[in-house]
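Per TrEMBL, the features are as follows:
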| type | residues | note |
| --- | --- | --- |
| BINDING | 12-19, 80-84, 134-137 | GTP binding site |
| DOMAIN | 3-258 | domain 'Tr-type G' |
Amino acid sequence: MTSNRRTFAIISHPDAGKTTLTEKLLLQGGAIHLAGEVKARGQARRARSDWMKIEQQRGISVTSSVMTFQKDGIVFNLLDTPGHEDFSEDTYRTLTAVDSAVMVIDAAKGIEPQTRKLFEVCRLRSVPIITFVNKVDREGRDPFETLDEVADMLALDVSPQMWPIGMGGEFEGLLDFATGTIGRPEGPSREYLGTRDTAAIPERFADEIELARGGYPEFDLEAFRHGDLTPVYFGSALKNFGVIELIDAISRYAPPPRPQPAGEEQISPDRDEVTGFIFKVQANMDPNHRDRIAFMRQVSGTFKRGMKLIPSGLGKPIAVHSPILFFAQDRELADTAEAGDIIGIPNHGTLRVGDTLSERNQVRFTGLPNFAPEILRRVQLRDPTKTKQLRKALDDLSEEGVIQVFYPDIGSAHIVGVVGQLQLEVLISRLEAEYKVEAVLEPSPFATARWIKGDEKTLEEFASFNRANLARDRDGDYVFMAKSPWDVSYQVEKNPQLTFSATKER
Ligand code: GDP
C-alpha cells in the first residue's frame, strides 16, 4: 500500500522566509489556518478546533508544532523546527521524525550557518532535501552562483526545476521547466495570481535559460531519495511564486513514511501494529500544571482514539484517550492516524523523548540520539536548602530534553549540558517559575562530554583512574567529562577497548 502521507520539515536560517512560506503552504493546502496566523497569538487563534480546546485547558501551545494540510489527496504533515538563531536538541530531534525536508535559502544570501548545520543533521540520516530559493522578487545573487554554492558547500548534486526570469525590479516571472510555462507578476503588488502562459522568453534571457536547463544533472528520484541530489525550485513566498510547484514536488518526489530502524530490524509502515517514537516533549506553560504533551511520530499501524499503547520506558499499557490529532478540519479523519502522522499524547511526565510506544511491546526504535553538549555549566543554588528540589527539577527537565544533566562522581555540583546558549536561559527561567528554585550557572572546567561503553571490568578500571573526570547521566550511565577535545582524543587512543560516543541512544 502506498501511503498518501508526506511528513517533512523546513530547514533554514532565520529570516530566509520559513514563516512566510509556511503560511503560503497552509493556505494553498486549505488548512484551517489562515495566512498570517502562524505567528499570531491570542484569542483570534483560539477555539478553532478540538485540539485548540486542549491547548486552552492545558495551557500548552501545540499549534505550530505540527501543521497538517491536504491537497489532491495527499496529507502533508509539516513539523516546525524552532526558529531561533540558537540551536537546540529540540531542532535536531524534530528532524529524526521527518521523511524529507525543504531547505529554504534567501536568494541574496545563499547558504547561511544555520541552514548548513541543519542540513548536516539531515545528511546524517540521508533525509532527502528539496531546495527552495526564496525572495526572487528582490534583487538577489545570480542564480547560478546560488546553485554552485549549494553544490560545493553541501556536496550535493543540484537539479533546477524552475528558473527566475530576472530578479528584483527586473523580475518577469518564473519559468517551469516541466511545463514550459511562465507565471508572471500581476496587479499592483506584482503577486502570482495563478495564470501561466507559454509566451516566448525575452531574448536576453534565452542563453541563460539554455545553460540552466543543460548545465546541471537531470532529476533522478533514486539519487534524491538517497540524499545525494536536490531538485531546486525558485520562488517568492511573499508574492506566492513557486509555492504550488513546491507542493507538487513534495507530493510527487518526497518519500512516503520510511521504515524506521529498531536495532537490527527495520519497522515497515505496513506492520499490523501501531508503533511510534517520542521525539519531543512539551511542558505546560502554566507552572501550576505538570501536564505535558509528548509528540509521537507514528511509524506503523492505524491508531484509533482510546487505544492502549505500551511505552517502552514503563512496560505497562497506557490508554490514549485524549490524543491530539492534527486533522481538526476533517471529522472523519479526526479519530484515526496513520504511519507518518504525529500524535500529541497528554501525560504527567511518564513519556520521555526517545521512548517507543507500541501495542505489543516488542519493538524498540533506535537512532534517536542525545547529542554531546557543547556548553557545560555548573549549577549553584542560591538557597542551599533546595537541593532536593533542584535535583528533581534537573531530572524532569532532562527527561523533557531541555538540558542534559551530569552528576559528577566527585563533588556535589550538578553539571548541565546544552548544545545551544538559549537552552540555558530556558533552564534558569523554568527553574524559577516551575520549581521555585533560584540558581545560577557557573563555568565548569569541562568543555564536552562523551558516553563511555565497554565491558564492566574495563569501565571500572577506567573509572578508578579518572574519577575527577567521571559523571553519571540521569540513567546512571558513565560519562567522561573532557576538559578539551584533545582530552577526548587522548583517552580514545589510550583506551581502545572502550568506546567514547558523542551521542547516546536510549
Ligand atoms: P523566518 O525567520 O525564516 O521565518 O522568515 P520570515 O518568513 O519571518 O521572513 C523574514 C522577512 O523576509 C519578513 O520581513 C518577510 O516579509 C520577508 N520575506 C519572506 N519571504 C519573502 C519573499 O519571497 N520576498 C520578499 N521580498 N520578502 C520576503
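Backbone N, Cα and C define each Cβ position, glycine as well.
Known features from TrEMBL, placed on the structure.
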{"residue": "Ser12", "record": "GTP binding site", "contacts (Cβ under 8 Å, 6+ apart)": "Lys18, Met103, Val104, Ile105, Gln114, Thr115, Leu118"}
{"residue": "Asp15", "record": "GTP binding site", "contacts (Cβ under 8 Å, 6+ apart)": "Asp106"}
{"residue": "Thr81", "record": "GTP binding site", "contacts (Cβ under 8 Å, 6+ apart)": "Ala9, Ile10, Ile11, Asp90, Thr91, Thr94, Leu95, Leu118"}
{"residue": "Val136", "record": "GTP binding site", "contacts (Cβ under 8 Å, 6+ apart)": "Ala107, Pro164, Met167, Phe171, Leu174, Phe234, Gly235, Ser236, Phe241, Gly242"}
>> With DSSP assignments reduced to helix, strand and coil, which class does Ser12 (GTP binding site) get?
In response: strand
>> Please list the binding-site residues from Ser12, Asp15, Lys18, Thr81, Val136 whose Cβ falls under 6 Å of any atom in ligand 1.
In response: Ser12, Asp15, Lys18
